[in-house]
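A.B. asks: I have a structure I would like to understand better, so I am pasting it below and will then ask my questions one at a time.
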Amino acid sequence: MDYTLTRIEPDGENDRYPLQRQEIVSDPLEQHVHRSVYMGKLEHALHDTVNWGRQNSLWPYNFGLSCCYVEMVTSFTAVHDVARFGAEVLRASPRQADFMVVAGTCFTKMAPVIQRLYEQMLEPKWVISMGACANSGGMYDIYSVVQGVDKFLPVDVYIPGCPPRPEAYMQALLLLKESIGKERRPLSWVVGEQGVYRANMQSERERKRGERIAVTNLRSPDEI
């Protein structure tokens, strides 16, 4: 499995993500082959324990911009009960949040505000882009709308739809939890390599490609 290694470089030159540099590397667990069995297993167990705590206690920092935010907060009702995934604690401060949900249309004047709030979040942190407007600008192909929040933020999970249903938001949480469980982050600022290994997430479109092609009886528009 290929992993994406993200290095923090404050002095690096990168137009898109000034504080990060990403590259595709091999599985970091292969490095344990050249080390002692005891230390390799111990470090692996520590990573699994830390990731278990992170993925089951995700506190969202909501940044609602339009109608997608209404669908997001619907998942907090008793019908959907997002508390099952440990992500029901909405934070009003970015310093107390684990991931940011950009739900809705991002205007050019709002982009610096979102980026500054993202920079105020403590590591580790993740970003979910919710809705067509946040993903690619949606139907607003105009100078005043940013054509996708990934123009200035590193997005981890994209949620398609206009607007997406609350079930789509909860599925994005599950995908994010699965990705966090496979991450390899520094256990300390003096222990191990100071980089973040993230498994490359396959899109749901590609993952279900065979299932989509195998469908012969398509549903009518009234049944969708």
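From the backbone N, Cα and C atoms, a Cβ is placed for every residue, glycine too.
From Swiss-Prot, here are the annotated features:
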BINDING   Cys67, Cys68, Cys133, Cys162  [4Fe-4S] cluster binding site
A.B. asks: Among all protein chains shown, how many Cβ atoms are found within 10 Å of the Cβ of Cys67 ([4Fe-4S] cluster binding site), not counting that one?
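C.D. replies: For Cys67 ([4Fe-4S] cluster binding site), the 10 Å Cβ neighbour count is 15.
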A.B. asks: Have a look around Cys133 ([4Fe-4S] cluster binding site) and count the other CB atoms within 10 A of its CB, chains all included.
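C.D. replies: Around Cys133 ([4Fe-4S] cluster binding site), other Cβ atoms within 10 Å: 28.
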A.B. asks: Please report the three-state DSSP label of Cys67 ([4Fe-4S] cluster binding site).
C.D. replies: helix
A.B. asks: Sort out for me which one of Cys68, Cys162 has the most neighbouring CB atoms within 10 A, since those are the binding-site residues we care about.
C.D. replies: Cys68
A.B. asks: Provide the three-state secondary structure of Cys162 ([4Fe-4S] cluster binding site) computed with DSSP.
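C.D. replies: Once the DSSP labels are grouped into three classes, Cys162 ([4Fe-4S] cluster binding site) ends up as coil.
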A.B. asks: If the [4Fe-4S] cluster site is taken as the center of the Cβ atoms of Cys67, Cys68, Cys133, Cys162, which further residues of that chain fall within 8 Å of it by their Cβ?
C.D. replies: Ser66, Glu71, Ala103, Gly104, Thr105, Met130, Gly131, Ala132, Ala134, Gly138, Gly161, Pro163, Pro164
A.B. asks: Look up Cys133 ([4Fe-4S] cluster binding site) in the DSSP assignment and report helix, strand or coil.
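C.D. replies: It is helical.
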